[in-house]
């Protein structure tokens, strides 16, 4: 039995680094050796759609303007004595191209909400008519 224990101990300790007479590392678990292969590791997306950073155009008047020092975002900046919590650019330095894109997205969302509301209203009306049409023949 002693040789059997030694054999088991030796197989458990494969891949360990020997340092100053001590074995280092965690023992391999049954079936875990395949997970270390690159082919079997789960793929992790490097970039997500939410993680895309929008950048300024650098050409419009907003991009080339100087901080006003008076708006609430400038007052929050450390260079103007603020704590830097908001971390927003000056209201006068907003990129006009990005603002136009944002306005377009907001308009699309507004139209989408309106059409969804109209569809829901039409569905409710259809359900109401179906209930009224089927239940009107009762006599009591």
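Using the three backbone atoms N, Cα and C, a Cβ is placed for every residue, glycine included.
Curation does not apply to TrEMBL; its annotations are automatic.
Database features (TrEMBL):
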- 18-37: region 'Disordered' (REGION)
- 50-96: domain 'CXXC-type' (DOMAIN)
- 118-140: region 'Disordered' (REGION)
- 118-131: compositional bias 'Basic and acidic residues' (COMPBIAS)
The domain 'CXXC-type' (50-96) - residue tally per DSSP class, helix then strand then coil: 18 helix, 0 strand, 29 coil
For the compositional bias 'Basic and acidic residues' (118-131), residues assigned helix / strand / coil by DSSP: 14 helix, 0 strand, 0 coil
